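Copied over from Swiss-Prot, here are the features:
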SIGNAL    1-21  signal peptide
DISULFID  41-59  disulfide bond
DISULFID  45-55  disulfide bond
């Protein structure tokens, strides 16, 4: 019985590690996407206004 519980905990621990690693990677990709979008927004905004200060607010910087 004890060995079974141990294996169960071990498997659960490995699964948790894997899912944590995956979700961390997803978070990184999400923030990278947001960063890219923000930069693109500022570039477009600058083309229209030429004023970086005006671009910070609408682009969430």
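Any Cβ shown, glycine's included, is placed from N, Cα and C.
Long-range Cβ proximity for residue 45 (disulfide bond), meaning a same-chain Cβ under 8 A and a gap of 6 or more residues, is found for 54, 55, 58, 59. By the criterion of other Cβ atoms within 10 Å of the residue's own Cβ, the least surrounded of the disulfide-bonded residues 41, 55, 59 is 41. In the three-state DSSP scheme, residue 59 (disulfide bond) is classed as coil.
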